Amino acid sequence: MRRLADLPEEIPARIRALRASPPLRRRLLALGVRPGVEVRVVRRAPLGDPMEIAVGDTLIAIRHAEAAGVELED
Amino acid sequence: MGCPDCEGGAATATQVEGARIVTVGNPNTGKTTLINALAGSDLKVGNWPGTTVERLEAALRLPQGEVRLVDLPGAYGLAPTTPEEALTAQELLRNPPDLVVNVVDAGNLERNLHLTLELAELGLPMVVALNLMDEAAAKGYTLDPAALERELGVPVVPLVASRGEGTEALLQALAHAAVPRLQVRYPDALERAAHELARRLDHPASRWLALALLAGEEVPLELDEEALALARGLRAELERAGIDPFLEIENARYTRAHELAQGTLVGAQPRLTLTDRVDRWVLHPLLGGPIFLLGMLLAFRFTFLFSTPWVDFIGTLQEVLAGWIQHLPLPPLALSFLADGLVGGVGTVISFAPVLFFLYLALAFLETSGFLARAAFIADRMMLLAGLPGRAFIPLILGFGCNVPAVYATRILTSRIDRLRVALAVPFMSCSARLVVFTLFAAVFFPKQAALVVFALYVLGMAVGILSAWVLGRLAGQPPSTGLMELPPYRLPTLRVVIKQAWARTRSFLEGAGGPILLAVLFVWLLLNLPPGDLEHSLYARAAGWLAPLFAPLGIVDWRLLGALIPGFVAKEVVVGTLAVSYLGAEPTAALGFLQGLGQILATLWASLLTTLGAVPALVGFPQLAPPSPDAPTALQAALGAALGPAAALAYMVYVLLYTPCVATVAAIKNEFGRAWALVAVVYELIVAWALAWGVYRLALAWLGG
């Protein structure tokens, strides 16, 4: 199973499910991170964590631990 | 904008005169710029009552009459995840406005329309302001606002608020506002449950409320127990049927928002945007860190280069006033009260204004330009060590300039516990006022390593602050903070709005903290001057004597050193001035002629103007990192050298670094978190300061000896 946390940069993938605590899931959904949409890792921060992802027209900073709960389609 | 299709949807024509209109939209959609473009100089900036969330309001005179326009805080949705979003939801439901202007980012339709669809369920007349059309064009997007208008059944007005384009059309469209015809269609079982529940609720936004209750959200309204029980029953029923109402609702809204966006977006030829190009450098793996530090340094240089001449000017005003007062036919004690107590106190209050104003200006610029979010992104990993979100870095680093705006800057954090523990860490950051004390002592006791000692003190302050935040987080049983946030596109802030915001924040500080600061100055004046006569027999010396046993373990016994800590509560740089008075005696205030004083004021005003202008080229010059070269030992330095040894001097510096926040900072903490927490801050930092000073003293004794 692929996770957003391990997705290499600039390779688009589709989100399958959000396995996150309810508050985090709500924050993710509010920003447009949801099952079925395409996500792309733009870059990782200079210290390796967090990373910047693009969902639709939105750029989002997300920590490695948080991205580990975002499951991707194979 | 006629909106011929709106007629069917709206039950009534919108009465514009006297209407209360709110703007609602996602964060970073240019709502602030829009309200400024509409209101011009009538814009009022303040706070939402009982909160620290900024509130913008304006009265607009339209051909149909006057309307009141209020900007609601940015929200991604009406089920709140932040205090700002909670406020927006509360306002819309408890105090429904007459008309909603939904501000939509034309370059980010899908996510923005998700909120639009939610708003459509509130049953309020609406107009959509399709803002940032220029950014959408720069992204290579071609939009068809008329198509969106047909679908939604409300007027849709394309705008570039930053250039004032489309604002007239928006004002005209207000008269055609309509309750949106478009409603999201949810899966049948959910639709039925929502319908049944909505019928039971007596509220214009019953559909939205029913859906929120089914999704298991808290709603900001008092509902009767019967309705809540019905909601729980229906929700359980849906879950038994294998339906997660929350996910299904989100899904249906997003699917509809996606279709809407697709229908509106008639052409897309994606291009590299300004944000892509700038981020390539600002977030570069190697250059990102240095660029970030340089940006912060520039913000500080801006603040101090521009504010120092005005602080000096206020100082001159104070001196001249004190000089004039000497002509009054009053006894010396009364003269001193007026000149040192009253004028000195008011002067202290006002001299905060330039520093705060320019620091707020720099902060507002960083915030609205999008740079702040990048800084948080880069610092996030470091802040994670203290269990804090990356944004916490901003107040902490601001603390190095002045603790007061740093306390207010904790507002950028979303959780109250995070705000509080960062606010308690801020006073450990060595502000510029403390530098005056450090340079004096370092020059006397460590003339060869002065810069190193001062640097070590800064590092110590930062380490104590971060450690404190970590420990307090642990004690609070804090769940891990989130690093999740939007990185908004880079934008040039509207100068007028930024200046207005900076001024409103400065003014609110002066109003809130002016009284306490003045009282503190007057209190210190009383200590120093009662009973009149010799300082050695004053209340001040007596109070210092009481402190002596407490400070004996730190190697500080001289009453003059201990006494100086008391006025240090007013502002830490006052420690130096008080030391000078108590070791060398006060210089009498010389009387000043009226014309002579006026001449001084004008000359300083002119000099301050010139220095401010001169600060523009200096801003991009090389920063002077080296501390000023020490002059030949002054009388004060010689007196200090005789009064204590190097180990005790170190302990004194550490104590001054960490002990009670100055009265202005305490007032700021009180404004943000209440009286109890302000008291906690004072006691907590006094204890931490004593403990660390003691530790440093023992270490230094073992190392340096004596």
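Cβ atoms are placed via backbone N, Cα and C, with glycine included.
All TrEMBL annotations are machine predictions without curation.
Residues annotated as GTP binding site in TrEMBL: B:25-32, B:50-54, B:71-74, B:131-134. With a 10 A radius on its CB, B:Pro73 (GTP binding site) counts 23 other CB atoms from all the protein chains.
Marked as Mg(2+) binding site by TrEMBL: B:Asn36, B:Ala37, B:Gly40. Cβ environment of B:Asn36 (Mg(2+) binding site): B:Leu43, B:Leu56, B:Thr494, B:Arg496, B:Val497, B:Lys500 lie under 8 Å away, each six or more residues apart in the same chain.
Note on the domain 'FeoB-type G' (B:18-180): mean pLDDT across this stretch is 92. Marked as domain 'FeoB-type G' by TrEMBL: B:18-180.
With a threshold of 8 Å between CB atoms, the same-chain residues lying at least 6 positions outside the transmembrane segment (B:281-304) that come near it are 355, 358-359, 361-363, 365-366, 371, 374-375, 377-379, 397, 400-401, 432, 618-619, 623. Sequence annotations record features per position, and here TrEMBL assigns transmembrane segment to B:281-304 (among others).
According to TrEMBL, the feature transmembrane segment maps to B:350-372 (among others). Outside the transmembrane segment (B:350-372) by six or more residues, the chain places 28, 32, 275, 282, 295, 299-300, 302-304, 306-307, 310-311, 314-315, 391, 394, 398, 401-402, 404-405, 409, 412, 487-494, 497-499, 501-503, 505-506, 509-510, 513, 517, 664 with a CB less than 8 A from a CB of the stretch.
For B:392-410 (among others), the entry in TrEMBL reads transmembrane segment.
Residues or ranges marked as transmembrane segment in TrEMBL: B:422-446 (among others).
What TrEMBL lists as transmembrane segment is B:452-472 (among others). If you look at the transmembrane segment (B:452-472), the same-chain residues 6 or more away from its ends with a CB under 8 A from one of its CBs are 385-388, 392, 396, 399-400, 420-422, 424-426, 428-430, 435, 438-439, 442, 446, 627, 650, 653-654, 657-658, 688, 692.
Look at TrEMBL and you will find B:509-528 (among others) tagged as transmembrane segment. For the transmembrane segment (B:509-528), the list of distant contacts is 336-337, 340-342, 344-346, 348-350, 352-353, 356, 404, 408, 535, 538-540, 543, 566-567, 569-570, 581, 663-664, 666-668, 671: same-chain residues at least six beyond its ends, Cβ to Cβ under 8 Å.
Summarising the annotation, TrEMBL assigns transmembrane segment to B:540-562 (among others).
For the transmembrane segment (B:574-595), same-chain residues at least 6 beyond its ends with a Cβ under 8 Å from one of its own Cβ atoms are 319-320, 322-327, 335-336, 339-340, 436-437, 440, 528, 535, 560-561, 563-565, 567-568, 635-636, 639-640, 643, 656. Summarising the annotation, TrEMBL assigns transmembrane segment to B:574-595 (among others).
Summarising the annotation, TrEMBL assigns transmembrane segment to B:601-622 (among others).
Sequence-distant contacts of the transmembrane segment (B:676-697) (same chain, six or more residues past either end, CB-CB distance under 8 Å): 420, 423-424, 427-428, 460, 464, 468, 550, 553-555, 647-648, 650-652, 654-655, 657-661, 666-667, 669-670. Marked as transmembrane segment by TrEMBL: B:676-697 (among others).
DSSP assigns B:Asn36 (Mg(2+) binding site) to a helical segment in the three-state reduction.
Same-chain residues with CB within 8 A of the center of the B:Asn36, B:Ala37, B:Gly40 CB atoms, the Mg(2+) site residues themselves not counted, are B:Thr33, B:Leu34, B:Ile35, B:Leu38, B:Ala39, B:Leu43, B:Gly164, B:Thr167, B:Thr494, B:Arg496, B:Val497. Non-local neighbours of the transmembrane segment (B:540-562) in the same chain are 524, 527-528, 579, 582-583, 643-645, 647-648, 651-652, 655, 690, 693-694, 697, 701; each lies 6+ residues outside the stretch with a CB under 8 Å from one of its CB atoms. In the three-state DSSP assignment, the secondary structure recorded for B:Leu132 (GTP binding site) is coil. Fewest Cβ neighbours within 10 Å among the binding-site residues B:Gly25, B:Gly40: this applies to B:Gly40. When other Cβ atoms within 10 Å of the Cβ of B:Lys31 (GTP binding site) are tallied across all protein chains shown, the result is 24. Proximity of B:Leu132 (GTP binding site) to non-local residues of its own chain (separation of 6 or more, Cβ distance below 8 Å) is seen for B:Thr29, B:Gly30, B:Asp105, B:Ala106, B:Gly107, B:Leu159, B:Val160, B:Ala161, given in sequence order. Separating the Cα atoms of B:Lys31 (GTP binding site) and B:Ala37 (Mg(2+) binding site) is a whole-number distance of 10 Å.
It is B:Ala37 that, of the binding-site residues B:Asn28, B:Ala37, B:Glu54, has its Cβ surrounded by the most other Cβ atoms within 10 Å.
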